[in-house]
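Peer 1: Let me give you the structure first, and then I'll get to my questions.
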């Protein structure tokens with residue numbers, strides 16, 4: 001390591017904006033660690049959470065987000081505060097960990113969306129086919145793809161274009177610049193586009209398709225409930241309690257629709273800006289090029305870092321979105337030794353039985369994120 005980080009940091013008087021940046025990033029890292037660790041601890045501690053195959057995917061997502069907070073965020077946060085990369089040759093390993101953990105998080109989100117769509121569209125076949133072994137194989141494939149797309153190209157230097165590359169593939173590779181305390185994360189055009197397709201664009205396309213179909217299934221169920229409500233109004237024996245239950249069911253299904261919008265909205269807002277720049281920056285000219293040759297997507301390194309952190313922040317929001325349903329809330333309260341009386345068993349859904357083929361979205365979609 002060319003810089004003695006500890007010696008420098010002792011004599012370094014940090015500007016106020018860097019101190020503030022450090023505090024904000026520290027809070028983000030702590031929140032990400034606590035949120036995802038609590039999800040894993042809840043599933044490990046309570047049998048009724050372990051019994052649901054769906055929660056295996058939730059744990060895999062939480063583990064990937066936990067690794068983002070452990071292996072990726074802290075090192076970059078120190079570099080942001082210090083103003084240079086103090087970890088020398090660790091740069092290449094850190095970059096591979098960044099790509100692996102972020103890819104694993106996004107692919108797990110995609111797997112969850114497909115799992116939920118399969119459970120909702122074909123519940124009987126899902127119950128027979130989605131065993132723990134099948135779920136474990138899916139998770140294994142997800143993590144294998146994440147490792148292959150990250151460590152193999154990075155360790156073999158396939159992710160960067162060399163200086164003087166006749167094809168002009170992206171920004172010139174100046175090495176890790178260990179001597180001047182920087183960690184060059186520029187990518188070649190080929191690797192930037194191919195890795196972005198696998199890590200983001202293909203998964204987000206799958207998520208859009210699955211959540212759109214889930215939305216249509218939800219609307220179909222709401223129409224069925226409304227038709228039954230109209231029929232119930234004409235039945236003398238169904239004027240009070242059934243009518244009330246139907247209203248409650250409609251409200252719950254509507255909340256599921258809101259949850260779908262929040263899931264996609266948060267995910268896209270966090271990651272889309274980064275992956276747009278990730279594909280565009282390799283086509284930018286070098287730093288010394290005239291401003292006229294630089295397009296609007298050729299942003300500065302600091303601006304790019306902001307979008308990197310916004311993408312990572314998705315790992316702090318996933319526990320709230322995917323695990324904050326009734327079952328997990330009860331488990332969280334117990335883990336925190338809350339004195340409130342909470343149930344140790346899953347709550348029953350209070351929806352009318354429209355038909356054996358109607359599946360309640362609230363139960364299958366792991367509950368809505370709003371309090372009852």
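Any Cβ shown, glycine's included, is placed from N, Cα and C.
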Peer 1: If you check TrEMBL, which stretch out of 167-190, 191-214 is marked transmembrane segment?
Peer 2: 191-214
Peer 1: Look up transmembrane segment in TrEMBL and report which of 256-277, 278-299 it refers to.
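Peer 2: When 256-277, 278-299 are checked in TrEMBL, transmembrane segment belongs to 256-277.
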Peer 1: Between 19-44, 227-252, which stretch does TrEMBL give the note transmembrane segment?
Peer 2: 19-44
Peer 1: Mind checking which residues of the chain, 6+ beyond the ends of the transmembrane segment (134-156), have their Cβ under 8 Å from one of its Cβ atoms?
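Peer 2: Distal contacts: 53, 56-57, 60, 64, 92, 95-101, 103-104, 107-108, 111, 191, 195, 198-199.
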